[in-house]
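S.K.: As annotated by Swiss-Prot, transmembrane segment applies to 31-51, 52-72, 96-118, 123-145, 151-171, 179-199, 225-245, 247-267, 281-301, with the evidence given as sequence analysis.
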Amino acid sequence: MSSLVRPINLGKINHSQSTVKDYILLMKPRVISLVIFTGFVGMWLAPYSVHPFIAGIAVVCIALGAGSAGAINMWYDRDIDSLMKRTQKRPIVRGVIESDEALSFGLITGFFAVFFMALCVNLLASFLLLFTIFYYICIYTIWLKRRSIQNIVIGGVSGALPPVIGYAAVSNTISLESIILFLIIFIWTPPHSWALALFCNDDYKNCKVPMMPAVKGTLYTKKQILIYSILLFIVSLMPFFIGMNNFIYLIIAGILGVVFLYYAGSLFYDTSDNKQAKRFFAYSIFYLFFIFLLLYSTNTISTIS
């Protein structure tokens with residue numbers, strides 16, 4: 001398939017307009033906040049202890065790694081970002097950061113994140129961080145996003161790895177516990193992203209990104225959201241059954257999951273505008289945050305010492 005990148009004129013760059021805030025926005029701070037939180041929970045649940053200073057370095061490296069991937073993603077997607085309403089205010093599109101500077105910033109930030117993770121934490125965590133950055137940029141952004149309807153499903157691997165990295169930073173291992181953390185985010189990502197695609201469908205059609213609603217239609221997408229929501233409900237209860245979290249987790253996670261299924265079912269039967277998709281999208285963010293907060297607060301394994 002030919003490239004969907006379109007030549008665009010972003011206008012004259014005014015370097016005096018660039019601020020620290022612009023570079024923070026370049027790193028996708030909302031994504032970073034979730035990455036930091038899930039990565040920290042992964043560290044907390046590891047059945048070993050680590051010095052808080054080392055844990056802090058690991059968290060910073062995870063954040064910088066995510067930020068570097070976000071910056072390079074914005075560099076590569078600058079053409080379609082200029083066509084989508086929700087991304088038209090990104091720094092490169094606004095012309096406050098030059099595209100080459102964004103690429104350099106992302107590469108340098110990623111290098112130091114991986115380097116210091118290896119130097120100060122351990123090689124496994126460093127390798128997983130490097131793999132996550134590579135996967136998000138090369139597999140998702142460059143290869144899948146503009147070519148496959150399964151872009152979110154396959155590409156979701158990178159977004160689900162932060163708790164695995166955090167767990168490995170403390171334990172220097174990959175275990176069943178960290179795999180379950182991975183699966184929770186991995187299965188959560190498609191319904192969350194497809195709900196967004198439902199109410200941003202015109203944007204994705206305009207820039208020819210093959211999101212599921214644009215290719216398969218609304219009803220098919222809603223069916224997939226419901227299927228993944230059922231799978232998520234099942235996987236979200238696994239931490240209790242392997243002894244990672246206590247009975248309180250089972251009860252509250254079960255309630256949160258039932259509400260998630262309610263929103264998915266309501267979305268499936270909804271024939272009106274996109275209000276229900278927006279409600280589901282908003283709840284999905286709350287759901288993931290609260291599930292990981294529960295994983296943190298009801299664990300039965302250990303804590304960082």
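Heads up, the Cβ atoms here are built off N, Cα and C, so glycines get one too.
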S.K.: Of the listed stretches 151-171, 225-245, 281-301, which one has the most C-beta pairs under 8 A with the transmembrane segment (52-72)?
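M.R.: By Cβ pairs under 8 Å, 151-171 leads among 151-171, 225-245, 281-301.
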S.K.: Can you name the far-off residues of the same chain, 6+ from the ends of the transmembrane segment (247-267), with a Cβ under 8 Å from a Cβ of it?
M.R.: 191, 195, 222, 225-226, 229-230, 232-233, 236-237, 239-240, 276-277, 279-280, 283-284, 287, 290-291, 294-295, 298
S.K.: State the non-local partners of the transmembrane segment (151-171) in its own chain: residues 6+ outside its ends, Cβ under 8 Å from one of its Cβ atoms.
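M.R.: Same-chain contacts beyond the flanks: 35-36, 38-50, 54-55, 58-59, 62, 66, 69, 117, 121-122, 124-125, 128-129, 131-133, 135-136, 139-140, 144-145, 177-179, 181-186, 189-190, 193-194, 209-212, 292, 304.
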S.K.: Do any residues, 6 or more residues outside the transmembrane segment (31-51), come within under 8 Å Cβ-to-Cβ of it, and if so which ones?
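M.R.: Residues 58-59, 62-63, 66-67, 70, 159, 162-167, 169-171, 177-178, 181, 185, 244, 288-289, 292, 295-296, 299, 301-305 contact the transmembrane segment (31-51) from elsewhere in the chain.
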